[in-house]
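Copied over from TrEMBL, here are the features:
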BINDING   D:70, D:71, D:72, D:73, D:94, D:95  FAD binding site
BINDING   D:241, D:246, D:249, D:265  [2Fe-2S] cluster binding site
DOMAIN    D:16-119  domain 'FAD-binding FR-type'
Ligand SMILES: Cc1cc2nc3c(=O)[nH]c(=O)nc-3n(C[C@H](O)[C@H](O)[C@H](O)COP(=O)(O)OP(=O)(O)OC[C@H]3O[C@@H](n4cnc5c(N)ncnc54)[C@H](O)[C@@H]3O)c2cc1C
Ligand SMILES: Cc1cc2nc3c(=O)[nH]c(=O)nc-3n(C[C@H](O)[C@H](O)[C@H](O)COP(=O)(O)OP(=O)(O)OC[C@H]3O[C@@H](n4cnc5c(N)ncnc54)[C@H](O)[C@@H]3O)c2cc1C
Ligand SMILES: Cc1cc2nc3c(=O)[nH]c(=O)nc-3n(C[C@H](O)[C@H](O)[C@H](O)COP(=O)(O)O)c2cc1C
Ligand SMILES: Cc1cc2nc3c(=O)[nH]c(=O)nc-3n(C[C@H](O)[C@H](O)[C@H](O)COP(=O)(O)O)c2cc1C
Ligand code: FES
Ligand code: FES
């Protein structure tokens, strides 16, 4: 028997495969047994009610997808009344994703969702900070540090900071999140993108721009996961373009302790199970006793990260 | 007859299609008539001789390519002696791409290549700045502004600033480049990525990380081209994942005045010609007299850019 | 590439399945529409209800690279002969890819999904108003009405008599068919209104069922309100997940004097005509 | 998808062409190797030289999604019957995709590319040392030697006699064939050295030609230096553009007492054995 269990900042997961926020909901319980997952991660909520963006909210681009859903939210109260109780029926840990436009709002929500039945909070700091001209908290080390300090003071639950690829200083941001009190890093959210329908001359998304997810994101998010695992000492949860067991192995070799599967679930609703089974079969075939043996095992010759980034010399 | 000509900061191009730096050389003259291109853009050179990175220098990832060539360079003297004279046989304007590790080195090279036969200089400010911890000049507005000021003082030729997608503040960087004296923006270079061979457990590139180019880059670079065209008032040259005439039209609708084709030339060595012919045929079919009519014609309802980026709310 | 999973779970616990089904038949109906018949297990077909849909993973072939799944109404489901039918119009990359499927090929389907039509006990006479692919969505309702022993009138509209599909099908099920076309002008709004008001006057309209079009929505909303006749409409919206997770498929509806966004894939695709908002 | 261009330029101006050629034949030679025969225009075949290669755009089919082109040596070019031949081993996504090409399919090729072998006037007796796919690269050299009326010895090495390819081909061209195999131990380094030294002693070795392997490179460098016999080696390296633009395919060489990086696609794939560096 292969040991698939993983520890994320004191939280034990029976396996390293969980859904990515916004690509999962109670509805998937109609398709397979959600107890099989390593964790349950809910769609990001905000404190108040939000409508979300105009449609079309998704489109295809180059074999991947763009979305601009805009975080519609029924608000924290409705979430605590309806969603959290649903997940109490499972032993699988529940991770709640939250976001806020200001540090105060964010911190208040963080406190509010720190309730029984919630095992960890994923803090979506890739969201815009209205006090900073709309720039995401996670695009700068300084704003990352500040928001993480506020949030970690607001809850005693483990906080997973979800980073953004729209950033030129990923290792610094990872370090700043750790220093600010993050217990784990989720790497990463979608990358800002656009597509235009040349016949109608209109953007393919109602909101002009949206986030790229799926296969195209993988080499980018994998690089970030690697950078973060080397820059910070807290666990990294890889996310971006994962659709096969091989993808999971690649992320774990790069340093991720667990992974989140997003868009692949839209394409193959049972993708997370297929991935889990593939992962287990691969470990058996390779005679590896524990999935934890994969974490960070890439043979990188300890090349210096900054030097490598410099040598890319784009 | 359709008018394909384009003006980039006073430089007239007979059509908007040119190669991207590093994906073109004199060798392509053995495959088709280089006089058909809108401009010739050379591989980035540095002042001194550089060896480049260890092999493997390229790999595939998710239907696109990663490279970490590392800008091998024979140095400025060899370049001026051998490469510039070759291109003098063409009427097509020659654009020389340069880079430097420090502002001084960069400025000196800028001055050195401002010679007869060179129509414009593409300044690859996506390259690392060793004085700033190896971070690329173009990841921050402040360093972008400073280097552009230095470079524009060093040459009277038009300067095209090549931006990087490894950046969270693209519109600010575009504006900073313009304010610092850039005459046009090339948007964009490759995005930092990684791939691991799970069998050997080694990075697929000798240099660990590399730049992602090809189809996966398109939605990202298109978004950047759109942001830059709206943020700055100098012409934008779109670059990233262009492989069809439709891609060119999409970039031009987003606000680009011309485009560069990179990886597509590796896949289809005659891609630039096919694209040009497709573009002309499309304009004829749509009864559009000049390709310039496409520039920035996307119907975006003048939605506020910052609001849109915020509404993506990743 | 991700490998597809076959039934790893007990067939009776779940409401929707992802599975690869074999193509039995894929052929044009007329110049615009094609039918696709898949070989499906009984447990899957037993779950299907009229108005529901499947989210289809269109193959990447012949230079087409559809990525997201494509929603497609159930045109027919026949547990007794293991058949699942779709009626589709070729419009873009996904449907073009569907159109080249050959007998014996596999197609990855996910479903059945969505909220079906509901036929209340006291609705003895149902009226369908259908045009184009709308027929696909309404056809299984006719079978259900027949099974429940309700009377049925099908108002079928098309550009030209050549494109009138399924009229024979409706007649076989004992429906009265009223065919209208653009080419003879009979599909005009005023004529439709007259046809429907005539049905109402003859007490042959306890509820309306329709699909898609704005024009029809407005007409049925007016007539329904005037005469107090309820109705249901199946709506479309671009989808990704198909089961309520991504929230991309919302449309606005009037409910309790407010406008609310509902998901076409989960709260729909069938909605109360009175709540729907023309677009 | 990008559409491929057919000859838009006068065939005599350019050195390499991107074109779609029809597959005439694609079949296994033995368990490991396959030959691919394409229908090619004479003007293209007239440009080909032994040691050159084409960069092939392997099709995206059957779940394989090769993106970059794959370099493949010219195994044979026959202007008189419009044929271009490749000999390949199925190793990964690209060659797997090649292996499913059927007669009549198109394949997008780009070439001929690279620096060919060169046979100096005073080299009367050539010695080829080939193993595996190296045969593909050396085979056209045998034809050329025959055309130029040079004597030829082909030392063919394989794991097992079943995998000895092209020996008949070499014989037909009048070559003396020396077959060695792992299975009978004759392919060992010392036996090879003895064979080669015997050829030298018999004045049957004015120049060596080989491919790929490190072991062979070292052996020929030693023997060549000892006896003053020149040689050429065709090397491999991962490629993207295939014509010198991207600089991904470099390898280090000893030249003028320094180590220089040269591009396998442009300065190679054929290099002076004395300059090559074992890896
Ligand atoms: C619940 C439901 C049931 C449907 N039933 C049928 C049916 O029975 N027969 C039929 O022919 N069509 C039906 N449609 C429409 C069908 O989904 C689209 O025609 C199809 O998705 C077009 O895909 P494409 O790749 O060919 O076109 P493209 O235009 O290339 O599609 C691009 C994107 O837009 C989406 N899209 C395009 N048109 C529609 C549309 N009308 N509705 C939703 N998404 C769309 C596609 O799914 C894809 O994501 C239904 C739609 C819905 C929502
Ligand atoms: C000049 C030259 C001539 C060649 N001639 C032949 C020939 O005649 N017959 C033959 O069977 N093989 C030949 N090869 C090797 C052939 O190019 C590889 O076997 C092929 O590219 C493998 O592709 P793949 O997708 O099947 O394998 P994968 O391992 O999936 O390829 C992944 C990547 O690595 C590259 N790659 C893998 N192996 C090699 C290799 N040995 N050399 C260069 N790139 C490689 C591929 O091109 C691709 O970019 C030649 C190589 C070169 C450079
Ligand atoms: C439709 C959609 C909605 C998403 N919503 C959220 C969200 O609410 N919060 C969040 O942190 N990430 C959200 N994401 C991002 C995903 O969680 C994930 O980071 C991203 O999609 C990359 O993973 P993937 O390539 O596996 O999809 C969303 C992604 C998609 C496609
Ligand atoms: C092999 C390779 C080498 C490159 N070298 C350079 C370079 O020297 N200077 C530069 O500014 N960009 C370089 N680039 C980036 C390209 O110019 C271009 O910005 C990028 O590839 C995106 O365009 P594409 O998707 O069309 O390839 C290189 C790209 C590749 C693939
Ligand atoms: S399609 Fe995802 S919620 Fe409706
Ligand atoms: S393959 Fe591009 S330079 Fe050799």
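Indices start at 1 and increase along the chain as displayed.
Cβ atoms here come from the backbone N, Cα and C positions, even for glycine.
TrEMBL does not curate its annotations; it predicts them automatically.
The model shown is predicted, which means the values in this text are computed figures rather than measured ones.
Between the C-alpha atoms of residue D:73 (FAD binding site) and residue D:265 ([2Fe-2S] cluster binding site), the distance comes to 11 Å. Reported as a whole number, the C-alpha separation between residue D:265 ([2Fe-2S] cluster binding site) and residue D:71 (FAD binding site) equals 9 Å.
Summary of the FAD site environment: with the site residues D:70, D:71, D:72, D:73, D:94, D:95 set aside, the chain residues having Cβ atoms within 8 Å of the Cβ mean position are D:53, D:55, D:56, D:58, D:69, D:86, D:88, D:98.
Proximity to chain B (CB-CB distance below 8 Å) holds for D:241 among the binding-site residues D:71, D:95, D:241. Closeness to ligand 6 is met by none of the binding-site residues D:70, D:71, D:72, D:73, D:94, D:95, no Cβ falling under 6 Å from the molecule.
According to DSSP, residue D:72 (FAD binding site) is assigned to a strand segment. Proximity of residue D:94 (FAD binding site) to non-local residues of its own chain (separation of 6 or more, Cβ distance below 8 Å) is seen for D:56, D:58, D:64, D:66, D:70, given in sequence order. Classification of residue D:95 (FAD binding site) by DSSP places it within a helix.
Per-residue pLDDT, averaged over the domain 'FAD-binding FR-type' (D:16-119), rounds to 94.
Residue D:249 ([2Fe-2S] cluster binding site) sits 11 Å from residue D:71 (FAD binding site), taking the CA atoms of both as reference points.
Put plainly, the binding-site residues D:73, D:95 were compared by Cβ crowding within 10 Å, and the winner is D:73.
With D:70, D:71, D:72, D:73, D:94, D:95 listed as the residues that bind FAD, the site has a largest C-alpha separation of 15 Å. For ligand 4, the binding-site residues lying close by, meaning a CB under 6 A from one of its atoms, are D:246; the full candidate list was D:70, D:71, D:73, D:246. Taking a Cβ distance under 6 Å to any atom of ligand 2 as the criterion, the binding-site residues D:71, D:72, D:95, D:246 reduce to D:71, D:72, D:95. For the pair formed by residue D:95 (FAD binding site) and residue D:246 ([2Fe-2S] cluster binding site), distance between Cα atoms is given as 22 Å, rounded to the nearest Å.
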